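The annotation ATP binding site is assigned in Swiss-Prot to 607, 608, 609, 610, 611, 612, 613, 614. What Swiss-Prot lists as region 'Disordered' is 832-851.
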């Protein structure tokens, strides 16, 4: 390092502590980067890469950005997942001896950004900290530095389960200890696309102990300690806005895994990953940024406590029934800025005068809001606003201190109102009225002394002076005038008052700017005292905003208040999919009932593709979620139980689990439901088994249905294209067949989108292919083959069988084959006739000659005697393996 100049040595010394970050090194009016940082930053920021002499034989790569534009460049890097260490000059270069002292004043990371385009006003910007314990459990702590919110929870389960909970927080950065395994880190970076940071300290930092008073578990404290230590180490400034840590447990809320949230499009759509088109988009009628954030949090964690849900519903009903109250509240909420993030900026020291003006304007609305809510005859409303302080003294302070239209910078002056500070008023008066004041002083001195020729003048060397001719010197009072200069015919004097005013006049502008800055920083410290009250007020305002949002959308979309029941029954009359209905924009939406009494657990849904099976299933889930966050629901009548979990398998394979086939994802999600669902859960399975061969898929689908029916008892909607499964209604007493109806008109299918009792009688798959505009020749051939398969033609479909058997294997093997139609020589009896794919009996056709030998006929007879509905999938495969071996022995 000694080969480099002292400044480059200083750079390298600082950089050694921030190897994983870009180092913005302040040099005069620029932030410079050197070596690898410069090469990489020039590429990422698309700025010029140059070089400079650093003392070594080779020139050093260098790039830089102006300090006044650095914020934009820092945001670009952080948006891409990088960290930026800001290194400032911490002493005046004019007085520095040697190299100017520099220090890193802040490490800016994806999880610690306070403002900028990466921060969505209606979303939290969480930083997560994950701590792993020897017993296999984890503690997850989260902090939103912009709002001061802190949460912590204890997690158990597989690493995948833990990662999914981390993902659910929406964190952009996660802090772990240095002992985390490479495999775990790979999952965090590759699967969750999060920035990784390290912190080994877990003790609660000094001065923050009061934030964990309600946390007693050592594991939780360690996670919070890791989080706080990282924040302190990186931010290096006041954290007065941090709120007490909130403990939550996943079993306190309805559990909806990440796959299900995506499938249901709760907060973003599957295709675009955007809010528009999601349930959140529909329900968000909030007027404040903090209300928008709370709405999303409620949607991420629906309630499971019946009493709490009903409290919200009653409050929403109050707003629905009082239009004028609701509209007045909305008008006032429009004027309320983001109190949480304003409080955070105050604590961080980066609040400006416009921010404080926004704070005052917000507080002006609060008394009327609280008064209106206090008049409601509602216990929940009374409890909600209890302890809410409108901070009227702060409103008054800001009202008399901050100008109505202050500049953005706090170092340009013109921030503080006249009358707030006497000294500032004097400076301003002097600055604006210096000459007038001098003329007034001159007149006053003439009156005091009686010397009419007395005058006040100014020159660059002596400044301001009072000049008296020598003939009038005797008229001057003794002791008041100090001689400053002697001329041939006159003497020049100075008085204490003139000396003071001279200083004021000459330095007024400079002193005005500095004094305003000092007054503003002092004011900022006074505002800090109100941070806890502001944060409490923000929560009250946020909750009222979400509740009025529910009321507004409920009235606009004609939703109905759901009735919660302790019974395991669902009664939804004329239910609708809220988002689909909204997107249709006035076009006819076909509502559907969903009526499942206590003794009915499973709906087996059949019907054509594109007929609305998936929409119907999602509809029930969304109605459930809306009910349990406290919103009215899209129906004319709704009676619902409180569900503890929702499990779904709807739609295409989820890309969160990379490298897995559709079928494997299906099985993993089915396993999740089977392993974790209770009789209080809701299960939605759409076309389970389609990712494998027909018989495999059918066998697995049947086994899953039977297991849910017999072992779990959860309310379940199970759609299938295996029409053979509809016979399960005969053996499973709590299963009911329903179908989505369709009709044919002039050879074309018309989907009615109506759920009706019973099984479907036709698939209409070819009609769907026609809608997709497949070639006419292909459609015609498909109709030919379908006719042959349904036995409507005498042409035999050529048998295509691929059998792979490991003869030495002692256990049964899975045989994958195409369906081969087996024709018999005799006319089949009614009992022997084969069922077609969707219900009708296969017509038997007498063949000209037999296709089976004696042994094959015997095996076929045994197959016909087998009762598949009385066998498990494993037993069925064993029997198939036995018969297969019998055939091959010939």
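Each Cβ is built from the backbone N, Cα and C atoms, and glycine gets one as well.
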Q: State which of the following binding-site residues has the fewest other Cβ atoms within 10 Å around its Cβ: 609, 611, 614.
A: 609
Q: Around the recorded ATP site, report the further residues of that chain (criterion: Cβ within 8 Å of the mean position of the Cβ atoms of 607, 608, 609, 610, 611, 612, 613, 614; site residues excluded), sequence-ordered.
A: 740, 751
Q. Ranked by the number of other Cβ atoms within 10 Å of their own Cβ, which of the binding-site residues 607, 608, 612 ranks first?
A. 607
**Q.** Count of other CB atoms lying within 10 Å of the CB belonging to residue 610 (ATP binding site)
**A.** 19
Q) Where does residue 614 (ATP binding site) sit by DSSP, helix, strand or coil? A) helix
Q. Near residue 613 (ATP binding site), how many other Cβ atoms are within 10 Å of its Cβ?
A. 26
